[in-house]
Amino acid sequence: MVCIIKQRPLSAQLITLRIPLSGEPPPIPGRWPRLCPARPWRQPQQRRAASEAAAHPGAVAPPVPGSAAERLVGRWLLVCSGTVAGAVVLGGVTRLTESGLSMVDWHLVREMKPPQTQQEWEAEFQKYQQFPEFKILNHDMTLREFKFIWYMEYSHRMWGRVVGLAYVLPAVYFWRKGWLSSSMKGCVLALCGLVCFQGLLGWYMVKSGLEEKPDSHDIPRVSQYRLAAHLGSALVLYCASLWSGLSLLLPQHKLPETYQLLRLRRFAHGTTGLIFLTALSGAFVAGLDAGLVYNSFPKMGERWIPDDLLSFSPVLKNIFENPTTVQFNHRILGITSVTAITALYLLSRKIPLPRRTKIAVASLMAVAYMQVGLGISTLLLYVPTPLAAIHQSGSLALLTVALWLMNELRRVPK
């Protein structure tokens, strides 16, 4: 192909015309010769990739993660955090309905198909009858009642598999596409590993409630320590996913690094940690049924400090195994959390903050007082399942808003 340069008389612009070589058919009369395709202006990253590809013809240059890829990864992480939140809420309902010990074995694939026939249901029911919960607590349960608790636990386990697929499959796709930065690759690997660990920890927790305990006179239940570990790892997974997603999607504010802002940021970090600890203490309340011990507020019975607060020996055992102490600690943590959030709100009023940050602070304040109201109502009404489930969901909502505020206040990297 030969190119010639012709000057257009009016606009004096240079254009490139295509002149056919010998052997090629002549251009169609009456038509302007086709222009050679213009080469678009390349960005610096694209020019570097092109030069590297020219220097190494056999190598394929990896794509550079851009803002569009970061937004897509950020949305994926937010969806993943939503699936974890659903698992936490569903797990709380499973615990409140005492359904967690209805499935007495664990198979990754085989248990995905529920019983179909009457014979299969009866065989499943007979397996359940061999364990302490049926013998001590549910010895008069019918097959219809067993199906309800079985499907509650089944839905929780199936949702856990959905959570695993929501993390692993898109992670593989984004990795192969080259849309993950080096730091994000490490974060994604840690998240996927935590998902797998969470599933194993769930079965480890269930096993504690299936064991025979001849020396115990208590009703069969899972270990409160394993329940707290199971919930704690789910909360860590949720917080890490939500924080990573928000960091990729929300633009950082260029706030002046004043002493007041530094103090507000540290106070927000400490308040978020306190909210996390309060939510984690709720696992001990649920594991020991401590919400049914003293159903009065603000006093516990007729006293501010109950007589059996430290009745276990050694004293340290009361913190994790005495239902009275566990409820007392949960009350103190809840009151301390809402007090800290109120102080955080008042402190933020003295600092000029962006509009989005002010909305986050006000939302944290509103959700905190709503959560306190839900907790007191749940206690006074003797822990009804719907209200208790909303209270557990409220703790997750409060933690969500706290993380949002922390993300708004994060330091802009230099």
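Every residue gets a Cβ built from N, Cα and C, even glycine.
TrEMBL labels come from automatic prediction, so no person has curated them.
The region 'Disordered' annotation in TrEMBL covers 41-61.
Look at TrEMBL and you will find 41-59 tagged as compositional bias 'Low complexity'.
Taking Cβ pairs closer than 8 Å, the transmembrane segment (76-96) reaches residues 152-153, 155-156, 159-160, 162-163, 166-167, 170, 174, 191, 227, 230-231, 234-235, 237-238, 241-242, 244-246, 248-249, 286, 383, 385, 388-389, 392-393, 396, 400 in its own chain, all 6 or more past its ends. Under the heading transmembrane segment, TrEMBL lists 76-96 (among others).
According to TrEMBL, the feature transmembrane segment maps to 158-175 (among others).
Distant neighbours of the transmembrane segment (187-206): 80, 100-101, 103, 106, 157, 160, 163-164, 167-168, 171, 174-175, 180, 222-223, 226-227, 229-230, 233-234, 236-237, 240-241, 244; these residues of the same chain sit at least 6 beyond its ends, with a Cβ under 8 Å from one of its Cβ atoms. What TrEMBL records for 187-206 (among others) is transmembrane segment.
Among residues of the same chain six or more beyond the transmembrane segment (226-250), those with a C-beta under 8 A of the stretch's C-beta atoms are 70-71, 73-78, 80-81, 84-85, 87-88, 91, 95, 184, 187, 190-191, 194-195, 197-198, 201-202, 204-205, 208, 276, 279-280, 282-284, 286-287, 396, 399-400, 403-404, 406-408, 410. According to TrEMBL, the transmembrane segment annotation covers 226-250 (among others).
Residues annotated as transmembrane segment in TrEMBL: 271-294 (among others).
The feature transmembrane segment is assigned by TrEMBL to 328-347 (among others).
With a cut-off of 8 Å between Cβ atoms, the residues of this chain six or more beyond the transmembrane segment (359-383) that come close are 96, 291-292, 294-297, 334-335, 337-338, 341-342, 344-345, 348, 353, 390-391, 394-395, 397-398, 401-402, 404-405, 408. Look at TrEMBL and you will find 359-383 (among others) tagged as transmembrane segment.
Sequence-distant neighbours of the transmembrane segment (389-406) (same chain, 6+ residues past either end, Cβ-Cβ under 8 Å): 85, 88-89, 92-93, 96, 235, 238-239, 242-243, 246, 265, 268-269, 271-272, 275-276, 278-279, 282, 286, 357, 360-361, 363-364, 367-368, 370-371, 374-375, 377-378. Among the features that TrEMBL reports, transmembrane segment is placed at 389-406 (among others).
For the transmembrane segment (271-294), the residues of the chain that approach it from at least six positions outside its boundaries are 92, 95-96, 221-224, 227-228, 230-232, 235, 239, 300-301, 306, 320-321, 323-324, 326-327, 329-330, 333-334, 336-337, 340-341, 344, 378-379, 382-383, 388, 392, 395-396, 398-399, 402-403, 405-406, judged by C-beta separation under 8 angstroms.
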